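Participant: Below you will find the structure I want to go over with you.
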């Protein structure tokens, strides 16, 4: 116990606010109702402008339940005026705020603000040192590019908003229907939504074109699940003959206050006509905004609009991610600013603080301002755009999309990779592999036996109860178990067959369900002869192996939820009249529901170790009296307006007792292609991989080992179940004694570790070769990412494919989404989107390496370009009696960083130290990148020394070699400066590209043309002489040759690690 010091983490932890935090107290609610009553009385008069202003600006946002009227009373409700507009607005700016906000966003950065102050100072004659365009030109170009980019992005957002807001929908009116744009939809409207059409607002389903009152929706843009979900219309309104009959009703829908939870809804449909009708509403009666109707046409009553819809309330603004290289460059910029001020003070000290010294000081600051290159940010941003384009054009990883062009260099600095399991490491394609009945087990090789036994059992279906053949007691037991298990699997689900009526016999049936596990189970029953033929809200039809249809009436369905971890269904056999309650769920839950047995826990563990996802299937026969008594209590609980969910759950749990265990199923989720070699390459690259999954511990261990996330030879430490601080302390000590062991921990234990011993746990976990967190919630996934970042200071990437991975992806430094079976939600929220897990290897080892190396070289070279000319200015001023006069005037200063050197310097984004093949073959090369050695204070100060040496050589050389006229100094020094920059690009490049050569030649040609054209800067007679040529060549050679020699010696005696491979 003394190994770890007992200390408790800070208890005042931050939690998210729920909607209750925004409710008013009872007295405040009374005041609100009073104010509303007064406004209603004056509604038809002139409503006070002050009241409107107060509601808009001062009133605290209230989230209230509501009663929405249907029919004759719907026009009398004025409450709709107080609900938010249904218009969507994702724009950042409007016509008035655009320019001020864009400028504010730019000048809050130190670099741009610094240059703005420098440019404004040129309007003061006393401190002006050149032409205005010398400073305003580069600054204006940067601001223009940024403003245009922001304007284009915002215009695109406005166009997308307009497209959605102006989309026309049919609104039901007493005379038929009228077309109405989406933004004009209000609470209480009756809206038609056709097949494949987006639902514009949160609605209660009133009617459908299906006689049964059902329709299917797709929710992949809401919860990340691609499978269709069944929705049911209100029974009473579905019975009406015509849609317009709704206006003859005196009915209302009560809807709870707006909630973030997309999986629950509490409402009530009430009809005040004769006879009065009251029916409860739940999630199955809703159509949430941004879902898509997949079958038929739906008519819905709008209950929530705009910001109160489930979709809008679940939208969280992702944090703005800044790359580590950008932070490092920002630090170097601050050092450069100190250098500017320090150099200016030094010049003033040498000059003497006489006269208007502050004016001279500011002029020196202006003269040396090129030490901080304004083109640095532009070059880096353009480089990022090029890296992003290169990634998307890479034919080796087709389908890759870069959604955030600001952080491609982060791909080269990853130390931790946190991965989801299902759909990320696995394919999320489920295949039924095993059925265990307690006394017998069947696998893929023996499923034919099941088909044969089912054929025998159902041979006399019309005269015998299935599963009761007449031979042998043992034989009868085995067949009975098989029949009951197959029937339970074939009936207990939410699967719907999609097939034409005339294709029942020969056509292939497609299934739709909310889970691929469900489809795998029903597909298996079809393969053994028990086929699901038809399914609606009230009935289900199975076809047995002898093509005889067996009909069942669906009495109740209890859908699967993440809290209950089980689903149930009550059906009545139409032939025998028998009522049976079937249930299936996770073994941890079903273990306490089924009758005592001695094999369930063991067999579930065995299947989990084989990598199979297990479900336990059970049943309980019910008499008519038992079901009638249950139904009465169940309907009463469904109509409760308070604690409805708890009351319904309590009634259902009264049935979940002493159920007969039928079978355990095992479904395999296959690994994705090339997952094993990909994980091995990443591990060899020095990246520590954590798997965060919601699956059970045994399955997580099996997938971790089968995928080689944890090698077979690697020792494993399973963190025990802990319930207290003492238990947590003991388990942490036990893990500390296990050196070089992979850690497996459950979500519940993780929560306690983070509560009591956050620092100690993260220290031990981050040192482990691999970590697997099972039974993890989405919130825990995001928390783990943030803790890794805080405790290690290293860059973490997260990869996932489902909506439950979005929080983890957004919290990571680099978020990678996979377009998978669970939809596109993770892909759309990520910084990078890939079609399969194996693509991440090339994304990191090749593109991450190149992006980081190129940006580091580009940043330092741009800084060098500013430092060398500032060094020349310092030498010039010191020689000429510390005069605060610019060495180069007008266009020369602007052209130096743009026309003459921009192409060669920016062509460094094409440089690469190793080929993609070598980077993939030797992943160990990636380890060096995490150390950040390409851009450090050491490399920065090395470039500073190079700049000082070259600037001094060029300036002193020009001063020594010029004859009599000052203009000759300008011609010699500027020509040597341009040639030096072009040669330095050649020395810096590690592998030539044809565009690099073209950039060098074009820049040289442009400068030669400038010598002939700009007579005010160059003496046309002098530049044609041999003196000019040899002087420029000598100065250039002296400035570059020693550096070339040093580079060769360094490469020979201290070669980089990759040189041996090339």
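Numbering starts at 1 and runs along the chain as displayed.
Even glycines carry a Cβ here, placed using N, Cα and C.
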Participant: What range among 255-275, 276-296, 297-317, 360-380 does TrEMBL record as transmembrane segment?
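Facilitator: Checking TrEMBL against the ranges 255-275, 276-296, 297-317, 360-380, the transmembrane segment one is 360-380.
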Participant: Looking at 132-152, 153-173, 174-194, which stretch does TrEMBL describe as transmembrane segment?
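Facilitator: Per TrEMBL, the stretch marked transmembrane segment is 132-152.
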Participant: Please indicate, using numbers and ranges, the residues of the same chain that are 6 or more beyond the transmembrane segment (857-882) and have a C-beta under 8 Å from a C-beta there.
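Facilitator: Distal contacts: 325, 329, 332, 336, 343, 347, 350-351, 364, 367-368, 370-373, 375-376, 379-380, 383, 888, 896-897, 901, 905-906, 908-909, 911, 934-935, 939-940, 943-944, 946-948, 950-952, 954-956, 959, 973, 977, 980-981, 984-985, 988.
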Participant: Could you tell me how many residues in the domain 'P-type ATPase N-terminal' (78-136) are helical, how many are strand and how many are coil under DSSP?
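Facilitator: Result for the domain 'P-type ATPase N-terminal' (78-136), in helix, strand, coil order: 34 helix, 0 strand, 25 coil.
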Participant: To the nearest whole angstrom, state the Cα distance for the pair residue 804 (ATP binding site) and residue 420 (active site, 4-aspartylphosphate intermediate).
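Facilitator: Cα-Cα, rounded: 9 Å.
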Participant: With every protein chain in view, what's the tally of Cβ atoms within 10 Å of the Cβ of residue 801 (Mg(2+) binding site), excluding that atom itself?
Facilitator: 33
Participant: Using a 10 angstroms cut-off on Cβ to Cβ distances, just flag whichever of 420, 805 is the loneliest among these recorded positions.
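Facilitator: Output over recorded positions 420, 805: least Cβ neighbours within 10 Å is 420.
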Participant: Tell me which residues of the chain lie with their Cβ under 8 angstroms from that of residue 613 (ATP binding site), as long as they are six or more apart in sequence?
Facilitator: 430, 517, 666, 667, 668, 669, 695, 699
Participant: Please tell me which one of the recorded positions listed here (420, 560, 694) sits closest to residue 801 (Mg(2+) binding site), measuring Cα to Cα?
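Facilitator: Smallest Cα separation from residue 801 (Mg(2+) binding site) among 420, 560, 694: 420.
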Participant: Which range out of 335-354, 360-380, 888-910, 940-960, 1028-1046 gives the transmembrane segment (994-1013) the most CB pairs under 8 Å?
Facilitator: 888-910
Participant: Quickly jot the same-chain residues contacting the transmembrane segment (335-354) by Cβ under 8 Å, restricted to those at least six beyond its ends, or write none.
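Facilitator: Distal contacts: 110, 114, 360-361, 364-365, 367-369, 371-372, 863, 866, 870, 874, 877-878, 881-882, 884, 940.
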Participant: From the Cα of residue 805 (Mg(2+) binding site) across to the Cα of residue 422 (ATP binding site), what is the distance in angstrom?
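Facilitator: The separation of the Cα atoms works out to 11 Å.
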